[in-house]
Amino acid sequence: MPAAAAPAPHTRTRTRSSGSPSAAIGPPLPYWGGAAVGAEEQRWRIGMDSAAAALLDSASASASSANAAGKEMPTARHIAHRTAHNMSSSSLRKKSDLALLRKVPCAPLRRLLDNLQEVLLATKLALLFPAVLLAIAARIFHFGQEWVFVLSLIGLVPLAERLSFLTEQVAFYIGPTVGGLLNATFGNVTEVIIAIFALYQGKVVVVKCSLLGSVLSNLLLVLGTSLFFGGLANLGTEQLYDKMQVDVSTGLLILGVLCHSLPLMLRYAVSSGEHAESSWDSGLELSRACSIVMLLAYVAYLFFQLKTHRQLFEPQPQEVEDDGDDSVSQDEAVLGFSSAMIWLGVMTLMTALLSEFVVSTIEAASESWELSVSFISVILIPIVGNAAEHAGAVIFAFKNNLDITLGVSLGSATQISMFVVPLSVLVAWIMGVPMDLDFNLLETGCLFLAILVTAFTLQDGSSHYLKGLLLVFCYIVISLCFFVLRQHGSMDF
């Protein structure tokens, strides 16, 4: 299928499923932001008459003169580096239908409605937004803490996807390098917010278990289901992927599990009498030192990803072409810089609010369902909280775009292991909370084996459905292990 013709700068072209330019529906639609919006496109959007159009032409000429004098407002530009996480989130977005907006007579109201439609409705997860309001209502009217927990988890699903969308919109205006850094750093902002609230309440168990569960979920569940369904959908097609990206991610994950293992081994060596520690908190000090090393390794990884070897992590052109469905792959901004920043702040506040609800009600949900806090944190929270990017990874596996699928699963696991976990340790240090990298024997063993199985599964550069099925089975047996532990009491550590 031929790719659609490239749209004019700073515009979006609505095309039918044929993907041809002749199937375009109406003229190009401008994004709302900056002085780069063409006068003809503005006239089309706000329905001006000829007199108003002449006035707009005069204003546009004045704006051009101001721009030439160095007073240019921030304008959108192409992002030279879109991460696999961005591509995965794009698969859950849909094209906006502006037919009704054209009938609104008031131009400012039309622009506001356009913003609301792009932010709240231009996603396939829009039906889950009522859960955000229901969670707030359940908290205010005391409907039951387990209901607050469930509704908050569901509400975090569309909020996480919208945070990714708005972060990408901001990245259009701040240049490819800083934009790529912003996208790479805030890919798992939901986990960071939950960890901060849990640390503030002193719930170190929830922080450790939820972060461990996110890594296990990405390595085994997300990657396994993607390879399984992608293999079934492409039985007659060879499924290949870039081994270099896999080698980089697995190398970092092995470094991360080494930093987790050292405080654990130190504790067992001291308790067995083989060695003596210099002070009672040697394990905590070692964890903080290892966390600094992990963050330095993550910074080196970002430099490798965004600068020296960025071509290894960029989606190929054939991976982003229009397949004729309702999804949209945006290479241009659809929101202005100020609008994107405002909405990013609003969505971040809503995510923080629901994260606080999840953290404060997890014990009540545990007692009501007779499940341990560890099982809920390791299994349930990562599955529901990361559902949006999980779905995107499976969609690209169906399309035989395994590089994007691997970028989502391995990239997310690497970011949590090498950035979010050590950051949580250092933030806890600042807050006076004694959090270390000792995740206990069972948890560290599961993490090590998950990384080992994933590395062996991806070592040959090709895939089939059986590989995915084996990864899913590994996740199931680990889930059963944490499930049966509820019969023997709490796993607090």
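These residue numbers are counts, starting from 1, taken along the chain as shown.
Glycine residues also receive a Cβ, built from the backbone N, Cα and C atoms like all the rest.
As given in TrEMBL:
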type	residues	note
DOMAIN	147-306	domain 'Sodium/calcium exchanger membrane region'
DOMAIN	340-483	domain 'Sodium/calcium exchanger membrane region'
REGION	1-26	region 'Disordered'
TRANSMEM	119-141	transmembrane segment
TRANSMEM	147-166	transmembrane segment
TRANSMEM	178-200	transmembrane segment
TRANSMEM	212-236	transmembrane segment
TRANSMEM	248-266	transmembrane segment
TRANSMEM	286-304	transmembrane segment
TRANSMEM	334-355	transmembrane segment
TRANSMEM	375-398	transmembrane segment
TRANSMEM	410-433	transmembrane segment
TRANSMEM	439-458	transmembrane segment
TRANSMEM	465-485	transmembrane segment
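Here the transmembrane segment (248-266) has long-range neighbours at 215, 219, 275, 277, 282-284, 286-287, 290-291, 293-294, 297-298, 301, 304, 312, 406, 410-411, 413-414, 417-418, 421-422, 436-441, 444, 447-448, 451, 454-455, 458, meaning same-chain residues at least 6 beyond its ends whose C-beta is under 8 angstroms from one of its own. Beyond the transmembrane segment (410-433), the same-chain residues lying 6 or more positions past its ends with a Cβ under 8 Å from any Cβ of the stretch are 83-85, 184-185, 187-188, 191-192, 195-196, 199-200, 202, 204, 207, 211, 214-215, 218-219, 222-223, 245-246, 249-250, 252-253, 255-257, 259, 287-288, 290-292, 294-295, 297-298, 301, 386, 389, 454.
Note: the domain 'Sodium/calcium exchanger membrane region' (340-483) comprises 121 helix, 2 strand, 21 coil (DSSP; helix = H, G, I, strand = E, B).
Where the transmembrane segment (212-236) meets the stretches 334-355, 375-398, 439-458, the count of C-beta pairs under 8 angstroms peaks at 375-398.
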